[in-house]
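What follows is a short report on a single structure.
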């Protein structure tokens, strides 16, 4: 059986080698798009049925304890699946994809094709306050990456098919092919060329077709906008953009702080020292004790928040539908605010609390071990904030704005600010709402929100950590290529080290056996002490009387600067530029490793540039 499978695999590969490369890529992009679309359909249906199974018997007129129990239960099941079945600490979506593109040659694990589907179903299906978009994008990207690996395609093509998977999955979940392509270009930094845009479009259309075929309108994310645009209200949309920009900053900064707090919770805990009569921190000792502490404390807080504010249960799209269809008063069902629907001030207060606590609930869900994304929470916060702002405006007799239009524009504003992806936000909202007549106000809101967010936070919530570590691919070609270069791969080790207590005679002997004119000087612990440049000591080489009396320590020059192994290539080039050197030593905690040559780096740079962009 195994032999037959191997023969079949080789036969498929042999057939693919006979197909022209461009046609093969178009064919594979279609396959990737279809499979990614099916993944989106499967995920959406699994979550849909799990959600209905758990909450179908709820009484909307009373507060239900299930809003506390189910999210906690979902976190427990997700953590067990991730830690015990997948053997991973945490599943990351978009960040994992970006890291794979920059540092793993766009290679994602085979298990990434399904792991996030199962994990996010357990989290979101049981009420976790996160979205499904990030998990499905990871799944689609993994499908594209692994298909490319199967056919043994190069890095450039693998990255493209990875982007095709992301586009197909995004199109499948939203039925928005144009937005899906823009997402791949804007978020995943796929290079915009004719060679890349066609496969992305094919995958996006294929994913959308699969979604339409199996989800129809019942399960797809679709909203309808009916209110016409009033031109003289455009200044209000600019103001909305500024406000949603501030909300985006709250979203990003709040998420970081809460997740950092939960990470710290897994590493240390507070105990009371009887002898010292004070509280002190203590490091976590057990293998799973930190995870259990995060799960119990985070899950309990999450359950309490959702118990008090039921609209935070799950993704939030149902709540957005209620707001867009004029049923915002029903959001207080099953909460302590039930019975206050007719009081607009209490309703606005309730929605404001929901908006504020959405970030907290989302960050606790992911930080405590849940699997999900920020896409849906961003749209949720944007929609709720847009409704609140429009309602407040309409309280004044001389103002009149459309609640629906502000909800839609608010969604675009927060999404653009959080993800630093204004084009994705604009096209996604216009496609999913059919609000092309609102293209101008949506664009204004998204643009101003993006500017506010970008000025305060240079990196998006997806790219912040990677950018700080220099592991992010961007549309800047120079920086992108430098990010792809690995310092360890360029270290030259054919230099002959000499010891500090060697004499000039030992150096001459080493010189005759070496092809280099640079000799690193080390002690007997391999610690780099200096460098001998042959060009600097040529007169001494011809003085044989000095061979046995002159020590290397007298001939060596001090090291101008050392490069640590694993230093980012961008920083390495900055060091070369500052020192004006052509060769620099590489050390590992002071121990000599080799040399980096500027000429070799330039050669590798040219080769990488040609491979990636030609």
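Numbering starts at 1 and runs along the chain as displayed.
Each residue, glycine too, has its Cβ placed from N, Cα and C.
In TrEMBL, annotation is done automatically, which means it is predicted and not curated.
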Name the residue range among 134-150, 219-235, 236-252 that TrEMBL annotates as transmembrane segment. 236-252
Feature transmembrane segment in TrEMBL, mapped to one of the ranges 257-275, 276-294, 295-313: 295-313
Examine the ranges 94-117, 406-429 and name the one recorded by TrEMBL as transmembrane segment. 406-429
In TrEMBL, of the candidate ranges 344-367, 464-487, the one given as transmembrane segment runs 344-367
Between the transmembrane segment (159-185) and the transmembrane segment (63-86), are there three or more C-beta pairs closer than 8 Å, counting only pairs 6 or more apart along the chain? no
Honestly, do the transmembrane segment (379-400) and the transmembrane segment (236-252) touch, with at least three Cβ pairs under 8 Å and pairs 6 or more apart in sequence? yes
Sequence-remote partners of the transmembrane segment (406-429) [C-beta within less than 8 Å, at least six residues beyond its ends]: 174, 176, 178-179, 182-183, 186-187, 223, 225, 236-237, 240-241, 243-245, 247-249, 251-252, 320, 323-324, 374-375, 378-379, 381-387, 389-390, 435, 438-439, 441-450, 452-454, 457, 459-463
Which range out of 24-43, 197-215, 295-313 gives the transmembrane segment (63-86) the most CB pairs under 8 Å? 295-313
As a quick check of your reading of DSSP, tell me how many residues in the domain 'CBS' (556-612) are helical, how many are strand and how many are coil. 26 helix, 16 strand, 15 coil
Over the domain 'CBS' (556-612), work out the mean pLDDT and round it to an integer. 82
